[in-house]
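Listed in Swiss-Prot:
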type: SITE; residues: Arg14; note: site 'Important for substrate specificity'
type: ACT_SITE; residues: Asp75; note: active site, proton acceptor
type: SITE; residues: Thr76; note: site 'Important for substrate specificity'
type: SITE; residues: Gln158; note: site 'Important for substrate specificity'
Amino acid sequence: MGKPALILASQSPRRRDILSLTLIPFETMAIETRETLDPTSSIEENVTKIALEKAECAAALLPKQNGKTIILTADTVVAKGNRIYGKPAGFDEAFEMLKSLQNRSHRVYTGFVLLCCDKIHTECVTTTVELEPMSDNEIKRYILSEKPYDKAGSYGIQDPLMACYIRRIEGCYHNVVGLPLSRVCKALKTFL
């Protein structure tokens, strides 16, 4: 019996790029789910629940594989205090998010799920990031240049312009990009 196939059920090019660093062959799969946060649950519970919903959606779309397919999904949000920052709806929301995140620390939460038949691994990884102050013009330039509308918190830590404003990071860099690679690899070993 060969090794199971790995499917990254995500439309994120950043997650695809991160997972490719492992040199493990995988396929990607686009799925559509509602990413609804439950205000009565913790941030960790929310991102893990959304990642699980994505995995279950992907599993429902795949033919039965007799335990030969591992599905990987993830969900990322940014939070400062009790405020959660998802993906911005447009320029104004992106501007407001970056304005409020600058010059103070915030946390990036990524929940990920590995699913294969009846075996499920769920985990949430948290990284603290602190941004330098940014002028209104610097924020505008960043948004117009990088168009961060598909990124939680309105920024990509990997974006060249953002490198100028990262004061401190505590935890996993790849988590901030969208997939905590070291934790995913550790969990993946139990499936292979």
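Every residue gets a Cβ built from N, Cα and C, even glycine.
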Mapped DSSP class for Arg14 (site 'Important for substrate specificity'), helix or strand or coil: helix
C-beta crowding around Thr76 (site 'Important for substrate specificity'), within 10 angstroms: 27
Same chain, 6+ residues apart, C-beta under 8 Å of the C-beta of Arg14 (site 'Important for substrate specificity'), given in sequence order: Gly156, Gln158, Val177, Gly178, Leu179
DSSP-derived class (H/G/I helix, E/B strand, else coil) of Thr76 (site 'Important for substrate specificity'): strand
Most crowded position, judged by CB atoms within 10 A, among Asp75, Gln158 as recorded positions: Asp75
Three-state secondary structure, which DSSP defines for Gln158 (site 'Important for substrate specificity'): coil
